[in-house]
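A short write-up of the structure that comes next.
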Amino acid sequence: LPLLLEATLLQLASGSHHPFYNGFYYNHLMNDKGNGEEKVDHFNGARLVVETPRDPIYSSNGANVTLPCHYRFEPDTEAKRKIRIKWSKLRDDYTKEQDVLVAIGKTYVAFGDFLGRAHLRRASRHEASLVVSDVRLRDGGKYRCEVIDGLEDESDVVDLQLRGIVFPYQPLRGQYRLNFHEAEQVCQEQGAILATFNQLFQAWSEGLDWCNAGWLADGTVQYPIRLPRKPCGGLHLAPGIRSYGLRHRHLHRFDAFCFSSGLKGEVFYLEHPAGMTLEEAKQSCQDAGAEIARVGQLYSAWKFLGLDRCNAGWLADGSVRYPITKPRANCGPPEPGVRSFGFPSKGKFGVFCYKER
């Protein structure tokens, strides 16, 4: 990029003017009657309109997704305009946005985690859709499509939701041993991220019932209850999400609610007639050209690929679990789910391995 154009793009991405940090004046001007009412003055004699879908866009980990955005002028005009387009990812608390991409004409710059993964789709004259490849777990959320025409600026928001599964997680040390930052870390180690409230709510609506409180991505501590009972807030409360509110991220300790999405590979089971220790299990996966599966990968394989195995197997964190989609005798409770044997210090089992396609 020429230095001047690059500087212009960076200014557009990092400006701090009201209301969207874009560095350009907004098009709502106060009238001159002194009564505090607003009027709208459209520069260049045309009203700029930006439109995105009202319904969420759904995707999954590793997929490619397009976030639609179109703009138009009222009345329509054939005159060529030097349109600037900016995509930003909003934070849950609507504080400073994360820059995703800025474009002027056919030139664009992507930023941060989106570098090399984001570009514009312009299949039609007034299209400004964002294409994100190799979707990651942290890509879920709300995105702002902003169109700047000289001094006029309009925007709209797209909601990207990842199809996934929420699972509660306790480490080897036991219940309520994780501060917020440790909870973030253990979820990442299991191929997942801390769940958002909306993800936990969706899991609750699909049947998740868990009486232990866990961290969420916003720093709150909550837990989902389908069947009210005395140890879980009391019998007098209705079903729902119980909340401890915001907790101290360093001092307070709870479990974690992790979120995982689709897999780029497959989870499969290996067994040995005499069973295997954890170290032997890891080696068996390596010998098969794979790695020992993580907890989030097992949950995803159960949820999205229908993995059903009534044999317990080692996972990377040292826990022993098995997934059941079709409950039957001698395979645990009558509901589908991922069964856990905890973290056995002794014993030999099979192993769940993961191999990318």
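Cβ coordinates come from backbone N, Cα and C, glycine included.
Under the heading disulfide bond, TrEMBL lists C211-C232, C310-C331. According to TrEMBL, the domain 'Ig-like' annotation covers 47-158. The domain 'Link' feature in TrEMBL is assigned to 165-260, 266-355.
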Around the Cβ of C310 (disulfide bond), the count of other Cβ atoms that are within 10 Å: 15
Other C-beta atoms that fall within 10 angstroms of the C-beta of C211 (disulfide bond): 14
Cα distance (Å, whole number) from C211 (disulfide bond) to C331 (disulfide bond): 23
Residues satisfying Cβ distance under 8 Å from C232 (disulfide bond), sequence separation of at least 6: C211, Y223, I225, R242
For the domain 'Link' (165-260), the number of residues DSSP places in helix, strand and coil: 22 helix, 30 strand, 44 coil
Local confidence of the prediction over the domain 'Link' (165-260), expressed as mean pLDDT: 96
